[in-house]
Amino acid sequence: MTDIHNHKILILDFGSQYTQLIARRVREVGVFCEIFPHDVAADFIKNYQAKGIILSGGPESVYDSDVKAPEIVFKLGIPVLGICYGMQTMVMQHGGEVKGADQSEFGKAIINILNSTNNIFSNMEHEQLVWMSHSDKVTQTGEHFEIIASSTNAPVAAVAHKSKPFFGVQFHPETTHTENGKQIIENFVVNICGCDTLWNIENIIENDIKEIKQKVGTDKVILGLSGGVDSSVVAAILHQAIGDQLTCIFVDTGLLRLNEGNQVMQVFAEHMDINVIRINAKNRFLDALRGICDPEQKRKIIGKLFVDIFDEEAAKIENAKWLAQGTIYSDVIESAGNNQSKAHVIKSHHNVGGLPKEMKLKLLEPLRELFKDEVRKLGLGLGLPYNMLYRHPFPGPGLGVRILGEIKKEYVETLQKADAIFTEELYKHNLYHDVSQAFGVFLPVKSVGVVGDQRRYEYVIALRAVVSIDFMTATWANLPYDFLSLVSNRIVNEVKQVSRVVYDVTGKPPGTIEWE
């Protein structure tokens, strides 16, 4: 079996908002990498056995901060790439000089490559479009570094050490705005570090299945299946690895999208022949939420009840030794870096679930090394439907945060129908994958309407569609008026409890993507 971790890159995080992008670009090239805080122990760095090290950007100023790269980084004799702050601290630690720029540079810039011989710019054109985001700049490279690229506002746009495989760039090759950023990353990782491209979906599947078999043996495993991307992919890979030793518990809250519960059972229980226990808990959730209007309270009630029901069912499974979870690499990084990270967290996630306290279960997390895009590709490799893997994000509390105020059975059914029409038409008009997220929101207010010759006094549905790269900011989707008119007409005509449809044109900020 191929050892997918044999050649790897270590990324030291100085707090840049782009650090995870660096890791994703390295992996896209086909090389495994991991992110650790910049102040991780020197012995850890020494024993990690990386083929190369990347120093991320960060929000600090080198000349008024004591945040430096660990000296061990430059003593291991392996290649180093410093990005933005990473370049500045590397140059400064080798006798160079960094000062505050007269003018901060944020946005696209043209750099001129001065030297592309056997370095990160090999086989690249003389002029390159890149993405700058910095307030400081290198003013003196010192005796050890030479300038290999420059721009109008950044005379030192890239450097190379004169005798060691150390390179630095003032711009961000990891962003898509840098036209040939992936080529720069590939030149460093493959050509300079000498990494073999072993990190691909086929090898990951083979490696994961072997690891799961070795770890689990003949033990039984329990998985909470939600129908979301992560738990679905965990179910698929565990089933391939251990077959009937896996039992999935699907808690149907009644707050899912229209027919979603049946679709989950169809894919996993019928098509893939996985042992799935479906718990119809709709009434328990409605009872628990009766009279509750506060969004945060609704979230907590839904989350706690979900865990309680899962615990009840899990306790019935005899001799289970493992609890599988859909933890992915982004969760691991956020959990590990909460204290060190300088990047500002804009919003917490709607995660529900937890480890049953009274059960002595060991944790199994087959996806903990993978980013979301890798999880989706893994799912395709395991035979899961494309539309299941590439659906828009859905909050943990489900429609509970898309019904404003109190949740009632009538409200849930009304929203499910309206939301399904919106989604169906997005697919029909090839617009679904042009937007990042689209859904309906139930407003518990009534509005007068006329359908046929009849006066109608019913509820309002708001349609929400946004375009976003990272979901930390978003713009409202400029969907065609004819399309919105069609969706509105269908909802008002087909969903009797709705008399009016409105479209949300609020960006994020100032609004959030979800209404609650």
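Glycine too: its Cβ is placed from the backbone N, Cα and C atoms.
Summarising the annotation, Swiss-Prot assigns domain 'Glutamine amidotransferase type-1' to 8-198 and lists sequence analysis as the type of evidence. Annotated active site, nucleophile per Swiss-Prot: Cys84, in sequence order, evidence recorded as sequence analysis. According to Swiss-Prot, the active site annotation covers His172, Glu174, on the basis of sequence analysis. If you look up Swiss-Prot, you'll see 199-391 marked as domain 'GMPS ATP-PPase', on the strength of sequence analysis. The ATP binding site annotation in Swiss-Prot covers Ser226, Gly227, Gly228, Val229, Asp230, Ser231, Ser232 and rests on sequence analysis.
Features recorded in Swiss-Prot, as mapped to the structure shown.
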{"residue": "Cys84", "record": "active site, nucleophile", "Cβ within 10 Å": "26"}
{"residue": "His172", "record": "active site", "Cβ within 10 Å": "24"}
{"residue": "Glu174", "record": "active site", "Cβ within 10 Å": "27"}
{"residue": "Ser226", "record": "ATP binding site", "Cβ within 10 Å": "26"}
{"residue": "Gly227", "record": "ATP binding site", "Cβ within 10 Å": "21"}
{"residue": "Gly228", "record": "ATP binding site", "Cβ within 10 Å": "15"}
{"residue": "Val229", "record": "ATP binding site", "Cβ within 10 Å": "22"}
{"residue": "Asp230", "record": "ATP binding site", "Cβ within 10 Å": "19"}
{"residue": "Ser231", "record": "ATP binding site", "Cβ within 10 Å": "22"}
{"residue": "Ser232", "record": "ATP binding site", "Cβ within 10 Å": "25"}
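Apart from Ser226, Gly227, Gly228, Val229, Asp230, Ser231, Ser232, the ATP site neighbourhood in this chain, defined by C-beta within 8 angstroms of the site C-beta centre, holds Leu225, Val233, Val234, Gly326. Under the DSSP three-state reduction, Gly228 (ATP binding site) is assigned to coil, being neither helix nor strand.
Here the candidates are the active-site residues Cys84, His172, Glu174, and by Cα distance the one nearest Asp230 (ATP binding site) turns out to be Glu174. Put simply, of the active-site residues Cys84, His172, Glu174, the one whose Cα is nearest the Cα of Gly227 (ATP binding site) is Glu174. In the predicted model, the domain 'Glutamine amidotransferase type-1' (8-198) has a mean pLDDT of 92.
For the recorded positions His172, Glu174, Ser226, Val229, Ser231, Ser232, a Cα to Cα distance of within 10 angstroms from Cys84 (active site, nucleophile) holds for His172.
Of the recorded residues, Ser226 (ATP binding site) and Glu174 (active site) place their C-alpha atoms 33 Å from one another. Cα of Val229 (ATP binding site) to Cα of His172 (active site): a distance of 30 Å. In this structure the C-alpha atoms belonging to Ser232 (ATP binding site) and His172 (active site) are separated by 34 Å. Rounded to the nearest whole angstrom, the C-alpha distance between His172 (active site) and Ser231 (ATP binding site) is 33.
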